[in-house]
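First comes the structure, then the notes that go with it.
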Amino acid sequence: MTHMVNQLLLHLIIILFPIFIQQFFYTRKRANDSLRYQILNGIMFGGAAVICMTFPVNIVADFQWDLRSIPVIVSILYSKGYYMPGMIASLIAEAYRYYIGGDAAILSMIGFVFMIGPAIPFVKAFARCVPIKRVALCLALALHSVLVTVALLYLYLRLNGYIIEQPDYSVVVFSAMGLVTIIGMGISSLLNEHIIESAAMRLELERSEKLKIVSQIAASVAHEVRNPLTVVKGFIQLLSDSVDLKQRNYLKIALSELDRAEYIITDYLNLAKPQVEQLEVIEVSDFLNHTFEMMNSYSLIQNVEMRVNCDRSDLYVLADKPRLTQVILNMIKNGVEAIPETGEVSVNAYARNDEVYIEVVDTGSGMSKEDLDNIGKAFFTTKDTGTGLGILVTVRIIEAMNGKIAFESELGKGTKVTIRLPASPTFE
């Protein structure tokens, strides 16, 4: 029994080791998306599976139990949507099991496919799930692997005519291995979630520091430029009364360009000072319907159908209404402009975990992963014209209202913007 406990503890250390190594790659944003990282990730978790098989727990006769399914399942799910790491880890584990041989080799290899198989359909969707669902899925797959192992053992005993001489001891071994499998998967999943959260916080801190510097520079430049522009605009307006029609048209163009310059300067000032002025309780359904009325004519002109869906009429948020209106209008306008010919922009609202979610979804051209990574960075825009400050201002406004904003996009399919705001006490 002592030997078995030592082996189980060794297995736990083995399956956790590659996760601790993996966290170093999350400090480098580009590194953890590279092909080299995917291959290395697969080799690390495949190596962990190999070491687990090297020190198995003997159950009965030639049948052995190990925790190789845990590192392989982790490499499949926590791969940021890539198939390469899980595929490499699986091939390494299967190849080594074939190399070990034994009477139960083929049965074990087939069973291993059934253990990890259910994880494969979740590769793409796993990263989009909330953390608690990811952990729950990992635990469910761990339980599934335990049940598959028990079924394999039963089949092995029936095929070879073995009789368990110490059934009580075997039940203890089965229970211990099953419990350690589930605990090991739970610890692995929680560690991965902690690494992901820490990496996200680090990136958010870096972004905030950069944005703070840009905001300070923007405010200084905007104030210095706005004053002379106002003077120039005033003199042009005075001159327009004393010139002929042709020159007046030239002055009109100059004034329109000055207005555009002032609009850009206003964006800079909003970026520098995104503070909310007055918080009030907003009924989300009425608010979105009013927004729909404001933007529907614009969307129809662009051959874009607009929809508003609110799952209930008693959703309330505490927010600055003019600022929130500015944000939603900006997101809808971006969605409409992203649709080349005809399409749809839908605005959805629902409640989840004391928060109200507002989603703006378009069926436009979408963005590449590289463009999506740059969203929210200073002066980045996918439009032919513009400064990219609109998204920055939007992010700052939502953060000032204690909310969060996230962007999802797929090239050729469209973009989804999700705004999360704390539900007001009226709703809670």
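Cβ coordinates are placed from backbone N, Cα and C, and glycine is handled just like the others.
According to TrEMBL:
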- 220-425: domain 'Histidine kinase' (DOMAIN)
- 7-26: transmembrane segment (TRANSMEM)
- 38-61: transmembrane segment (TRANSMEM)
- 82-99: transmembrane segment (TRANSMEM)
- 105-123: transmembrane segment (TRANSMEM)
- 135-157: transmembrane segment (TRANSMEM)
- 169-191: transmembrane segment (TRANSMEM)
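Under the criterion of 3 or more C-beta pairs below 8 Å, with sequence separation of 6 or more, the transmembrane segment (169-191) and the transmembrane segment (105-123) do not qualify as touching, having fewer than 3 such pairs. Within the chain, the transmembrane segment (38-61) has long-range Cβ neighbours (under 8 A, six or more residues past its boundaries) at 4, 7-8, 10-11, 14-15, 17-18, 21-22, 25, 67-72, 74-75, 79, 82, 84-93, 96-97, 100, 103, 153, 157, 160, 162, 164, 170, 173-174, 177.
Across the residues of the domain 'Histidine kinase' (220-425), the predicted structure has a mean pLDDT of 81. Residues of the same chain lying 6 or more positions beyond the ends of the transmembrane segment (82-99) and with a Cβ under 8 Å from any Cβ of it are 35, 38-39, 41-43, 45-47, 49-50, 53, 68, 71-72, 75-76, 105, 108-109, 112, 116, 119-120, 123.
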